[in-house]
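Listed features, source TrEMBL:
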- B:77-535: domain 'Amidase' (DOMAIN)
- B:LYS128: active site, charge relay system (ACT_SITE)
- B:MET179, B:SER205, B:ILE226, B:GLY227, B:GLY228, B:SER229: substrate binding site (BINDING)
- B:SER205: active site, charge relay system (ACT_SITE)
- B:SER229: active site, acyl-ester intermediate (ACT_SITE)
2 protein chains.
Amino acid sequence: MSWKVNVEKKRAQLNAKIPSEWRIDGGKLELLKAEKKNLDLNLDKLCTEAENEITHSTILKLRDELIVKNLTCYEIAIAFCHRAALAHQVINCLSEIMFEEALKKAQKLDEQRPDFLPPLYGIPISLKDQCNVEGVDSTCGYLGRAFKPKKREEESLIVRHLREQGAILYVKTTVPSSMMATDTVSNTFGITLNGLNQNFSPGGSSGGEGALIAARGSLLGLGTDIGGSIRIPSSYHGLYGLKPTDSRLPYLRVDNSFQGRELIPSVIGPLARNLDDLRYFMDVMVNICKPWIDDVKCVPYHFDSKSKELHKNYVVGIWYGDGVITLPPGDVRALRMCEDLINSTLGMKAIRWEVPVEVNKELHEIAMDTDIADAGIEIRREFEASGEPIIDILKPVILEKGAEACSVNQWWALNKRTYEAKIAYREYYNSLEPTERPDVIISPLTLTPFRPGDMLATTLRYILFVNVLNFPSLAVPITKFNRNVDGQMDTSKAQTEEDRIVSNYWNELISSDSIQDFPLSLQIMSPTYDDNEVCTFGSWLMQNLQIS
Amino acid sequence: MSWKVNVEKKRAQLNAKIPSEWRIDGGKLELLKAEKKNLDLNLDKLCTEAENEITHSTILKLRDELIVKNLTCYEIAIAFCHRAALAHQVINCLSEIMFEEALKKAQKLDEQRPDFLPPLYGIPISLKDQCNVEGVDSTCGYLGRAFKPKKREEESLIVRHLREQGAILYVKTTVPSSMMATDTVSNTFGITLNGLNQNFSPGGSSGGEGALIAARGSLLGLGTDIGGSIRIPSSYHGLYGLKPTDSRLPYLRVDNSFQGRELIPSVIGPLARNLDDLRYFMDVMVNICKPWIDDVKCVPYHFDSKSKELHKNYVVGIWYGDGVITLPPGDVRALRMCEDLINSTLGMKAIRWEVPVEVNKELHEIAMDTDIADAGIEIRREFEASGEPIIDILKPVILEKGAEACSVNQWWALNKRTYEAKIAYREYYNSLEPTERPDVIISPLTLTPFRPGDMLATTLRYILFVNVLNFPSLAVPITKFNRNVDGQMDTSKAQTEEDRIVSNYWNELISSDSIQDFPLSLQIMSPTYDDNEVCTFGSWLMQNLQIS
């Protein structure tokens, strides 16, 4: 079968770019794979102390070191290239390797060091596979898109901006074929594992990105989010992940599925270990790069990278569930932590965010209807182009062969329905007394991680509605799963089969040791599309949760 | 045939709302209809001097008079109701009459006069038929939508805002069925004539609105524009018409065709006799009403109603044609007037705006492909609902029965193509030296008026691309057609059949006296979506053209 030959060819092409001195030998590799939980510590042992200092740092600290010449761009680049190469061998998180170009660029930056260093000078930034970079593929997990290296003029605008600001491009990271799934699997690259805990999926679709950053192979990378694809891998790796409002960062010449399907826009945004880094990055990409000059979809605005002060009479909505899926004890505990902190803070108030259940249901149904609008025609065509078989995780978005795509009139009707649902959501917000209208809303996100293969045991009900509403949302790691505190759920009370599946899966996970200390994240959303507000509040929240 | 019965019923319902003392008797009416050019003067003779003073005034002056109590709301309301009733009998521009409610409201405002008058207190505002008002229809020219008066909760958000600001709602104005034509004709209401010169069409689709304002039956009204529907009637009546960027004024609960077809958004905006009035109106609707609170499609921004000062080194692009349709002498003369004025002004510069012809063509084709995307299914269905026959002017957007609508995948491809065309347009702008990039562009608009029935002898090539690009555009009356100056075109040089049709029509019109002194308008566009800029420059231009 020729498609398998091409898979081998693509994998060989990728692996050939790992220098032999960075290869982990077979026996040691087996051990690293077998020990599911301590990848970070184990990789530290394979790197030099100097490298570990770099990969354990932050972008802002590295920049300081570069400015005072304590570090060179080359030292930083090699530390991250090495670490990424090691991590990849264990968790299979890379789709393209550009070490050679990266190290050359770093060397050149050191040799031609200007007096004023551009804001990302010498900072390695990892890229989700969709970002077009000259000379390498953007397969998006499709074998049919392999061996078609991008030309310079095809480079994503955001990649050009990264180059202009001095960033080092060194890897692209794995995605599930089509990006329309929350696990990270493709025929071309196989399965990517979680970078913190190999019992679990890294989530998706920016799964390779999340796993790489968790394994310290990157400090910050670009993902995209059309249905949780930034927030889910962030959640599953204890990272910060910002899904901006549409039109904040440029998507120009970023490859994707369903291009032109604008109803629920895919957005590009950062995943990072450190929230200050993330905000600094946004500052650079917005205020310095001014993406609206080249990308007509972007709107001019100012990103505030620093404020951690909240205004007076700050109101936070706490969302204890949509009335459809019962929240597991872990999420309830995490939400309570936030609620208690806010209510014990002078000048702040937590209110219960209680959107009518029918509105929640409608938003979710719109997302589902949107995803199957073409009955899977486009994705099927992509698989057929290479002859590779359709992968299981895409079954929810591919209807049976012969199923009809919706007509253009039905599509317009779905657009209208979506607008009406957004208005209904806004009407709930406006129905609150002005002093009760939340500045931000804290919402559940992923509820539980999942083991490879178990994707359908989790729910997207706390995820997709955010994309339909086009709210900015920041994934934040609030606490960790704790078997000693978070008990079993009473599944006899489950309202629906869907609710029962989620509760059962919680019970299954919480009864095993593998979930202990796995990060438990929530998301901070702005009901008024205020991307700055979710970050400012995020900084405040994380600072104060640590103190309390 | 039952549909004809319903037409009679609807017309009777409308006409019954004209008080008998405002009816023009048959003989006089015939004379008014026969004398094609002097409606304004002739209507003056049918009104009192006090009424004429009011209808010849401006919103800003009327507001001053209201503030100092020189006028009452009732006096203003009755002047415009009377004038609108008279105009309607000659040019057939109204679809709904609300005189009774308006006069009651005006009386109430006078009786309960507050100390501070809301910004539109006692100001009559006319509405295109699409705007939903409690108690009356929004037929949109479809008989099947008649006799379905809107409920209070169905009122358009912008109508609610008008009420809140004290405006008097007294009429709704005619549109072509579906609004997808640039003439104003429907089975239900018949043909609307131009309000300045009854030899010609009022344009469309906000044709009733343009005609009413030209006849001084209104000072300012709301139209919508998905393909010139504000700018064309403005052009044909020497009015100012602002097609804002999408998401500036709220479209929430404004009825329309193709709801949910977001690719080329229909926008709502004002047509007015006076540019200061128009800017004042925008100020109120944006800065005071803050439509983004209720309509999630609206973005927060500030509208600058007053500035007439241009910044230093101001650059104006002058567009002498798209390379497809040769500009007639009238447009060339109007553009030269602007170019000369600018080049003779210190600190300003006119540059030739020369978008590649392929980009112009592509933008126009996208608009055409968009309009026939559903092969006419929706419009056909609307006609079938009442049994009325499809009207001739809709033939360009209704394919033969059985023609297939595009698939959802084709629709997404059209969306993608549109984005690429917008990027290509932007790339041309960015390809200019920064000091040559225009702050605004002056573009041809309608080229010629047309006589009822001749719609297809005009071109939309200087109109539709603006909607595809989503640029804000202000129609401005630059000069008048002048047979003594504007000569015949050499049609042997026409490049295409389309070009020949337009040139031939120009020659036909310019050889007859009916076009003499008909307004000749251009449009001012902002290539960076700056709605304020087109108005500020518009004010500067009109002030300085008058001086020069």
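Every residue gets a Cβ built from N, Cα and C, even glycine.
In this structure, the CA atom of B:SER229 (substrate binding site) is 11 Å away from the CA atom of B:LYS128 (active site, charge relay system). B:GLY228 (substrate binding site) and B:LYS128 (active site, charge relay system) are 14 Å apart (CA-CA, integer value). Minimal Cβ crowding within 10 Å, among the binding-site residues B:MET179, B:ILE226, is found at B:ILE226.
Sitting within 8 Å of the Cβ centre of B:MET179, B:SER205, B:ILE226, B:GLY227, B:GLY228, B:SER229, and not among those site residues for substrate, are the Cβ atoms of B:MET180, B:ALA181, B:THR182, B:GLY204, B:SER206, B:THR224, B:ASP225, B:ILE230, B:ILE232, B:SER266.
With the fewest other Cβ atoms inside 10 Å of its Cβ, the least crowded of the binding-site residues B:GLY227, B:GLY228 in this structure is B:GLY227. Neighbour list (B:SER205 (substrate binding site), Cβ cut-off 8 Å, at least 6 residues apart, same chain): B:LYS128, B:VAL175, B:PRO176, B:MET179, B:MET180, B:ALA181, B:THR182, B:THR184, B:GLY223, B:THR224, B:SER229. With respect to Cβ neighbours within 10 Å, the recorded positions B:LYS128, B:SER229 differ, and B:LYS128 shows the lowest count.
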